[in-house]
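Enquirer: One structure, as structure tokens, below. Some questions next.
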């Protein structure tokens, strides 16, 4: 417990909040190039083949990013835009690829929640 005199001399240091997405370097999104596109399995108790990509970012980092939605057209050397946001059942995946921008096409035949998957509004028949 510091004395009042010690507190006058030097104030209490503020606790620094650690960022959950350091590779973005305080930016909302970052551009990057896919170095590897593959599937991985989630933690227990879930079971699936989740689509992920290793992305080399313009900030110099190489991160693992999740590819949301059903089906994708990404391959090695695809240019993608990533945002923060982890995938709870995939350890080490702290970023999402934004669908419908750069080389990542939107999800085909999506009717609901289209804005999250980069899908245009369907034409009225």
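Every residue gets a Cβ built from N, Cα and C, even glycine.
Summarising the annotation, Swiss-Prot assigns compositional bias 'Basic residues' to 113-125. For 89, the entry in Swiss-Prot reads 3-methylthioaspartic acid. What Swiss-Prot lists as region 'Disordered' is 9-28, 104-125.
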Enquirer: Near the region 'Disordered' (104-125), which residues from the same chain, at least 6 beyond its ends, have a CB less than 8 A from one of its CBs?
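Expert: Residues 67-74, 78, 80-81, 97-98 contact the region 'Disordered' (104-125) from elsewhere in the chain.
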Enquirer: So how many other Cβ atoms are close to residue 89 (3-methylthioaspartic acid), meaning within 10 Å of its Cβ?
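Expert: Counting Cβ neighbours of residue 89 (3-methylthioaspartic acid) within 10 Å gives 15.
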Enquirer: Where DSSP helix means H, G or I and strand means E or B, what are the helix, strand and coil counts for the region 'Disordered' (104-125)?
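Expert: Tallying H, G and I as helix, E and B as strand, the rest coil: 4 helix, 1 strand, 17 coil.
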Enquirer: Under DSSP, the region 'Disordered' (9-28) has how many residues in helix, strand and coil?
Expert: 4 helix, 0 strand, 16 coil
